[in-house]
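Here is what TrEMBL records for this protein:
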BINDING   LYS135, GLN198, GLY230, ASP261, LYS404  UTP binding site
BINDING   HIS231  substrate binding site
Amino acid sequence: MLDSCGDYRAVEVFCLSKGVANGGMAQFQEMMRQQLESSMHTELEKLLDTTTGAEREVSRKDFEGFKNLFHRFLQVKGPSIEWIKIQRPPEDSIQPYDKIAGRGLPDNVADCLNKLVVVKLNGGLGTSMGCKGPKSLISVRNENTFLDLTVQQIEHLNKTYNTDVPLVLMNSFNTDEDTKKILQKYTHHRVKIHTFNQSKYPRINKESLLPVSTNLSMNGQSAEGWYPPGHGDIYASFYNSGLLEQLIAQGKEYIFLSNIDNLGATVDLHILHHLVSQPNGKRCEFIMEVTDKTRADVKGGTLIQYEGKLRLLEIAQVPKAHVDEFKSVSKFKIFNTNNLWISLAAIKKLQEQKAMDLEVIVNPKTLDGGQNVVQLETAVGAAIKCFDNALGINVPRSRFLPVKTTSDLLLVMSNLYSLDAGSLTMSPRREFPTTPHVKLGSSFTKVQEYLTRFESIPDMLELDHLTVSGDVTLGKNVSLKGTVIIIANHGDRIDIPAGSMLENKIVSGNLRIMDH
């Protein structure tokens, strides 16, 4: 880990060239680590001195977490996994969803639901899709945003079962203000909505390993010096906010956590029942929903058995020599959907004992001015090894429907899915359960531009594969079947006329249509 940063490695090389013995080297490294930590603590105190009151107190708590992360970053060298120790998880540690669902539901579904809190990760912006503000406020279906659909789903549960399942949003400093403004529109919905903020951590200079920011301000250039440190931060932020204690006091026992842009992540009553029906001594504190890996998911984290514990293995932890093996669909058959069910009492206990041990993810970035910085992050699923009786459940692919690009957006806006009470389900008129492979070119990257290129969303019920590249527009009521490839060469424009039916067709630059 240290080797990725300039100064430390340079000093190490210098010492070796001077013939410092191995024992002396270890001693010297420890001295350097202490020096770096001391310098970091001094700089963080200076940053705290640039503000007062409540902001200073919040930042002080954030910095405690950052100091811990920085300490572990300095301690770890090289990959945190020894490849030879990796084992396949025991049979009973990843259960098929059908087995869980086969037990049926209890008469008292409401009692189960009243122990649940739905938490959505809402820290991301819509910039990758060309939108300003929180990603959760992008319209995805019939003018409904990600947030609208989430509220509708939970309200439907609360009305159907006469329950009180609250929604909690983990915002970041990037999304908090805009999200809070929009929450006013849900005041008359039957959902209590709470928010708390992710930590604000300082980006550090890649060479000096010290903060690049000189104050806590989020204005102008100063804003570039700060970042939200990945979703693994939820445990500390949730605990520090006081909301975790408040929910436990209300009798809540579990959270169902997911990314707000995963439209497949709805409350599953069978998984919830499995959680709350375990005998006290065997209570499962953590469930990770996994699903079968396809060639599109080769970079997704997977579950392994490591030193007697179920553990999440991310691609960033894999030694370079084994990356291809990690991507293999035959060896690592499942991946993490980031739909997680976690015990509130266990989070509280682990936070109080300071026993939450998450691998440090080193994320290098280059700022607008060209300065190389490092972000230290953690992943929420990595905590699985810290919880008792952790379990993986292999769920249907339908529970993983993330919208990361306009290609994904096209799928969820189309007639492949029907919308009911905020939940999307595959249309029964689709003959096979897999979704088509859609690849829209750079002219479609931004949502606004994408919307102008489709007069209406095409009929895609019988589509297998769609590739569109270049300056292409599609008229109203276009139908796409089989494999369709539309490529406008540079300087060309292709307009697919209204009412067209393209089945196994290649449409190229001069609007020549060929059977495929």
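Every residue gets a Cβ built from N, Cα and C, even glycine.
A simple way to gauge crowding: the CB of HIS231 (substrate binding site) has 24 other CB atoms within 10 angstroms, across all the protein chains here. For the pair LYS135 (UTP binding site) and the residue listed as 'substrate binding site', the Cα-Cα distance reads 15 Å. Between the listed binding-site residues, namely LYS135, LYS404, the fewest other CB atoms within 10 angstroms of a CB are found at LYS404. Compared over the binding-site residues GLN198, GLY230, ASP261, the count of CB atoms lying within 10 A of a residue's CB peaks at GLN198. LYS404 (UTP binding site) sits 16 Å from the residue listed as 'substrate binding site', counting Cα to Cα.
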